[in-house]
Each structure stands twice: as structure tokens, then as C-alpha cells.
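What follows is a single structure, written as C-alpha cells, with notes after it.
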């Protein structure tokens, strides 16, 4: 029975009375899950308002589709490791990274084909940039559906109040805005893990195992860690040995076998990409430490930027639960069919413990547990309300008012204040990111038609700002010119039928740059370039007479802007420094 119907039955006091009278004299039996929810709800639950499934889905779709169309690509890995290979599968051209070299083969083509098939169909009806935004909309819609499952499961497992708080905290979250439409394995895993946990809490174990296998084998192998609590519950608590191993075997056949076949065909040899990425990150001398090494404080700062007060509440959840169990033990009791708090919140604890210890830290690495961060924040806020009520009953004698005996009747303003504060912080962060960094998503729209032949659009020091080849008109291709960046750059896929099987000498696994992949500036028809300090390898192209500005957009100069002021948007805020991102045309093109 759906949750909303179940809760409506709770609201009908006369119906509950009739049910109890009909059962008089009957032999007692074990209380079912539905009966527990009917008979153990507070008598004033009828006063709790919460969105039903349809309303929640509409709210989630609006929020996530907004991200699809107004969000930006915040990680160059999304562009070069996913949008560019996808562009190659759809249009036959794009940029290849060393991870897709057959010599390393640590990326799988299988998940890309799940998007390439609809993208190929769409390519006959619309321009590449429209295909790009349509795919982002599909990702956003799928994420919203997974979150709807999560919302219903949270209402079922942790209560309607925690469920509605989770919903209203997640809608304006800057973290969810960034991840929901991203073409990244960590973002796909965010949706898959969210759905897997929802199925676990609703006791739909086969789907929980299948979705956990999908995020592990098809998306990001390290998310297998998040399935550990599900395995513990099935094997140690529920003793579902046959079901667990049966669906695990089915998952291997249905998911891993096609993945191995597709990747082996692309790379021209037997390849198990999920194992390759695990082996590279764990069993090589350098592992992932060649890229993005950050201090231990990185995730604490990043978590606050993306979730503000919710992040503080989430980190405080263990203490809040412990305090609540001491001060108000009856309010933290769990039904027999519910997982204990420590097991339900274990995915978040495991993930943070593992990734806080890694030198290589990136914002996207926390995407898979974003829904759990908000859930921990909602549970913590619920505990704060219960503790406030417990203090109030002793100090102010709140229990004397018979019509207001439930803690929510007294602590509602506290919850509303926290939700509004988190919402304002999230929206402020979202506006700041769009206002400061959206220029790369629009500047390539000013490219004129090629008029036949092919033309080069080059990136130099702004190579990490490329929004992908999907933003180019027909006949254009992205290339690079030298800059101060000494690391390894992507290179074009070969224009042959076996391009994915060719081993190129300019790719290596040590992030060493190779100048042979660069063009001379004179070989570029257009150049994307930001103003800034000029150097020998990064000259001020926008001041050169042979380069003419076609379009220019403001772009935040993060190095010269105060961190707190640039992190959140406030009208009339001063002290921010902007530069310009130029689209330059070579007026004296020479091959």
C-alpha cells in the first residue's frame, strides 16, 4: 500500500477505532508493518502536512531540470572523459584521454552507450548543443525519480517528518544542483545508490542488490562500499543467503558480461574496466595521487559550501542521536522491521572515512552520498527538535497543554527556520556559481557557420573551461595550444574505424605532457582566452592585432576575490574582481 494511503488511514480516527473493535476476540498474531504504522503513530499526526508522491516528484523535477539547463560543468573530467568520448560515439569525432587508450583501458564505453543510443536518435532531429542539454535533462529526470523513491523510503523508515525535512532541504541544495545533471560516474552513482538504499529500506532486496551491482560494475566500482550495510542486513539480520547470492550472480551476468563484451570490442583485447580502475588506483605506486592532492580540510570546506547548515547538522548526527537516546529514549525507538540507526547511516560513515583518508580529493567524489548527507542533516534536526521539546517540558511545562502534546507542535518554528536558512544558503551558492562561472557555457554559441571545411577552436590556459565538442557548430573541432600547464592533455580520436583500438605514443599513465599534441596559435581559427597575467607560454592574445574579439563574457578572478564573498551571492556585494573570457578570431589565419 502506498505511503500516502497508509498515512491517510492513520488520520482517520474513526477507522482506527472500527478496526480495533472488529478484532475483539480474535486470536492475536504478529503485528505487520502496516499495522505498526497505523497503531503506533501519534494521535495528532493528522496535523502534519507533507507532500504526496506526485507533488514531491513535481518539485524534484523542477529543481533538477533547472540544474540541467542553468548549471555549468564544474569539473574538466566531465568534459574530457565523458562528453568528448560520447561525442565520438555519436558524431565520429571528439577528444580522447589516456584513460581510454587501449594500453590502460580504465574507462568503460558501456555506460556511454546507454546515452549514445538516444543521443544518436536525437542527432537526426536537433543540433549537438541541443542534444547536450536534452541528455542533461534526461539525467536530471532520472535523478529526480531516484530521489522520489528515496523520499518515500525515508518517510517509511524514519518517519513522515524526517521525510519532509529531507525533501525541503534537498530541493535548494547547491550540492544536489551540481550533481543531478552531471555526466560523471559519481553522479550516476548518486542516483543509483539513492535508489538502492530506498529499495533496501522498503525491503525490496532484489532491486537493492541489482542497483548496488549497477553502480559498482557500470558506474564507479568504489561505490561497492555503500552496499556493505545492505549485505550485512540481508546476511546477518534477515538471513537471506539464497536471495543475496542469487541476485548477486544475476547481476554479474546481466551487467558485467555485456560490459566486458562491449569494452573488449572497443579496445581490441579482453578488458574488464571496473577491475582496471581499481587496480590503477590501489595497486600502482602513484595511484591517483598525480592529480588533485588536497589537505584534510578540503571536504569539510567543500561540504559547507554545498550544504551550509545541513553539513554541520549531518556531521553532528551521531552526537544528536546519542543525546536524544539519553534525554528522550522513547522518541528514538525503532520498529522491529527498521534497520538500526547505526546500520542505516553506515553508508555515509564508511564513505567519509575512506575518502577523508585519501590524498586525492575532489568535490565529485562525495556525489554518491549527497542524499545521505541531507538525510543525516534531517535526522539531526529532528533530534534537535526532540531535545528542545524535552528541555521545554521540564523548564516551561509544555505538557500542560493537552492539545499540544507532540514535540512538533512546539518546535515547528525551529524546523522552519533551519530549512529557510539552508534554502537561502543553497540558492545563494547556486546563483553565485552561475553568475561567476557560466561564461564558458555560452561563449561558443557565437561561432559563425564554417561555410565548408573544418576549423580549429583552440584552448590554451583555459583548457579546463571547455564545455565539450557538443557546443560546436558543424565543421569545428577543439584543439589546444601550449600554456603553463605541464600535464597531459587530451588528443583527437583518430579518424579511422578502429580509433578506439589504436595505442598512441603521446599517452602515458604518469601525467606527463607531450607538446606534439599542441597546435601553433597560427593554426587556430578561433581561440578561447581569458585575460590575466601574461607569460611567454600564455601571452595576452586578446591584445595581439591578429586576434579580434568576437564575444567576451565576465568571469570571476578567483585568485583576486575574497573567498567568502565569492562563495555566496548577495545583491550589491562588493570586493569581487572579474576578468573577461574572450572568443578570439584569427584575422590572418596561416596554416
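Every residue gets a Cβ built from N, Cα and C, even glycine.
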So which range, 265-284, 285-304, 365-384, 385-404, gets flagged transmembrane segment in TrEMBL?
365-384
Taking a Cβ cut-off under 8 Å, which residues six or more beyond the ends of the transmembrane segment (340-359) line up next to it in the same chain?
157-158, 193, 197, 201, 222, 225-226, 228-229, 232-233, 288-289, 293-294, 296, 299, 314, 317, 321, 332, 334, 365-366, 368-369, 372-373, 375-376, 379
So which residues does the transmembrane segment (244-262) touch in its own chain, when a touch means Cβ under 8 Å and the partner is 6 or more beyond its ends?
108-110, 113, 205-206, 209-210, 213-214, 217-218, 231, 234-235, 270-274
Where, among 133-154, 166-188, 309-328, do we find the most CB pairs under 8 A to the transmembrane segment (407-427)?
166-188
Go through the chain and flag residues at least 6 beyond the ends of the transmembrane segment (133-154) whose CB is under 8 A from any CB in it; none is fine as an answer.
2-3, 53, 56-57, 60-61, 63-65, 67-69, 71, 115, 118-119, 122, 126, 162-163, 166-167, 170, 179-183, 187-188, 190-192, 194-195, 197-202, 371, 375, 378
